[in-house]
Amino acid sequence: MSTGPTGTDSAELSTDQPAAPSPAPNTRTAAPATGSGSTGSTGATGSGPSGAAPGAVQADVAPTAGGNAEIPAGAEGLRLSRISKILGGRTIVDTLDLTVAKGELVCLLGPSGCGKTTTLRMIGGFLQPDKGRLTINGKDFTFAKPEHRPTAMVFQNYALWPHMTVAKNIGFGLKVRKLSAAAIREKVDWALDLLSLTHHRDSMPARISGGEQQRVALARALVLEPEVLLMDEPLSNLDAKLRVSVRETIREIQQRLGITTVFVTHDQEEALSIADRVAVMNNGKIEQLDVPAELYRLPRTSFVAGFVGSMNTLDVAPRDGGVPLADGTVLPCERMSGDAGDAVWIRPEDLVIEPEGAPGSTRAVVLRVIPRGHYREVLLQCHGTTLRSFTDTEPEAEQAVGVRATDALVYADGVLVQQ
Amino acid sequence: MTVLTSQDTSPSPAGPSGSAGDGAGGRNGAGTGARRLRRIGFSALMVSPPVLVVLVFVGIPVVTGIAYALGYTGGPNEMATMLSNSVLRNNGAPTLDVFAKIFDDPLFLKGFWITITVTVVTVVVVTVLAWGIALYARLSGSRWSRILTGIAVVPMFIPVVIGAYAIRNFYLGSGFWGSVWQLLGVQMDPLSYHTSGVIIGQIWTSLPFAVLLISSGVAAVPDALIHAARDAGASMARAVWSVMVPMATVPTVIVATFTGVGVLGSFTVPFMIGATSPTMLGVQMVTTYNAYGLPQDAQAMAVVLFLMAILIGWGYVWAQARQARSSAVMN
């Protein structure tokens, strides 16, 4: 039990706690938008020298220390080894391996049915794996019942007991552990103070707002001083503004207390904002486990590329250091991850809009400009291909502009090609 | 003149628009009032048939019955008085003489305590059994649990008189019960014509409704709330006790009160399975009325049962009020 209330105030507690090891770099890519990228398939072919400029990409492609580097045995908070689960004759989780460092926050990100919640429920003990092994801080908990695990879960719909007050909800687990009334009160007060809920101590759950209910659920989990905190889409029922505020609260508290945390979400923006590392899941497997910046910049598979952020997906082989468009014209590209593949994906923010005729650009016509607050989303018709760009410039519809790509990801059979 | 009239009546921003407004307001007020009256009248018309039926066919007999038990033997009670072997009349003021008389009667007292015993035991056993079946179905989710729940509801589709007849024959000394014990070389008393047989019959008839209601109450507790309790360290038993039981309090109270009132006023089961005497008040009332020719005594017994039912019914009202409060909060 490395975290939790110690009987001191929260400020003292935060300074006493060891800093959570943070494998993630401080710099995070700000994913500018959600939604799918524009697709601009082209059947154009052409020949010419392969003129990719791979140098910078090659350096970037190297595995990141925070991404998939081995975690020393002593620093392991949670390890899933070749975990599988079959439900209703369908393999939901397929020989999954995942190691979470002590104090680290890992997000399981993926579409519905990818197995992320099933994985979380196996960690919590609500489902038992058909195969594999699960250890928490080195101890085997593969088949332990939920009540015998050092885990605590924040449920999607909070799962607050409606017949108990906020304080009783938070103190229930402590009562089950047969702590004295004074100890329960002290720890409950600590949790209420930590989550700024003191004024709701005697409120019933139905009488408080969704955001407050979420904080009560978090307080109820934290007061148990879990070795691993599990969060099952805890923000999905909140409105957009509250979601941002509560996720910042969760992240701040998680880092203060240094709790090993597994956070399930299908919201890529949420995952990139809150996690030290993100595991993108598909068909019961982890497609990529990486720090958010790397995950966004270098998605190893086309599934990850398509799931995280927006993309211009062009099902063509790169040519002449650029991307062939529908009429055969090559869109110039400064850096490409590889020079041979069957698809080229370009982030909208890597598609630069310049004045028409600018050196190194090709001509395009603005179809539509969509204001997105601090940037604009621009749809372009570029030599028979529709492209999407996120830009700070202010082009107008039907205006002729120049377009070039700074970075492009090349995939062969859905796997990133790296030089 | 026409122009002037037109100007006079045209609205003026600086003019006394208030008076016109008041007039309109007054007309609107009168219109709203008339509409409200019409709405109330229509509502009253709609609810009047059931209210009249209850008043005529339930309210009046209840009032005259209570009056009869309090010594008012004339008027609508005249005919019963004429047919009665013995009546106690009041001297202008209500009298409790009839109640004193029946509570002095050892046979009534035996019936009274048998009624209370059968009611309490049946309510407790039915509630516990229904909870057991509901929990097994909820937590197991197996095929067997669904079969068990289905079997538990079967008696609901068998007429009580047929079920009671079967139970009486089953628990007779010469029935299956006695025969099996005899084969084992044990001499067992028959349960038919005995209070224990009545309790078995009452449980048999009351259990299906209880299972249905408590099962739905238990099923309404979301899995996440149980998982949250387990996650907090509670065993399954503790999770059931601390989460499911409190959350299914309302259906449990409803089951207890409905079962209680039903058993209290039951006739068929104690008549078919129970002893001739002493027996439950439902049967004793009929005997007192028909066999002994004492309708006033039977009426006093009915009033006693009525008061006991009101006491139990209070629990139902409380549960309904609590459920309404919960719904209001959840909405």
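Placed from the backbone N, Cα and C atoms, the Cβ positions cover glycine too.
Annotated features, as they stand in TrEMBL:
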- B:1-30: region 'Disordered' (REGION)
- B:18-30: compositional bias 'Gly residues' (COMPBIAS)
- B:44-70: transmembrane segment (TRANSMEM)
- B:112-135: transmembrane segment (TRANSMEM)
- B:112-316: domain 'ABC transmembrane type-1' (DOMAIN)
- B:147-167: transmembrane segment (TRANSMEM)
- B:203-226: transmembrane segment (TRANSMEM)
- B:247-273: transmembrane segment (TRANSMEM)
- B:298-319: transmembrane segment (TRANSMEM)
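Highest Cβ pair count under 8 Å relative to the transmembrane segment (B:147-167), across stretches B:44-70, B:112-135, B:203-226, B:247-273, B:298-319: B:203-226.
Each of B:112-135, B:203-226, B:247-273, B:298-319 was scored by its Cβ pairs under 8 Å to the transmembrane segment (B:44-70), and the highest score goes to B:298-319. Long-range contacts of the transmembrane segment (B:112-135) within the same chain, counting only residues at least 6 positions beyond its ends with a Cβ under 8 Å from a Cβ of the stretch, are 148-149, 152, 195, 198-199, 202-203, 206-207, 210-211, 213-215, 217-219, 240, 244, 252, 255-256, 259-260, 263-264, 270, 278-282, 304-305, 308. Here the transmembrane segment (B:203-226) has long-range neighbours at 122, 125-127, 129-131, 133-135, 137-138, 149, 152-156, 160, 163-164, 167, 239-240, 243-244, 247-248, 250-252, 254-255, 258-259, 262-263, 266, 269, meaning same-chain residues at least 6 beyond its ends whose C-beta is under 8 angstroms from one of its own.
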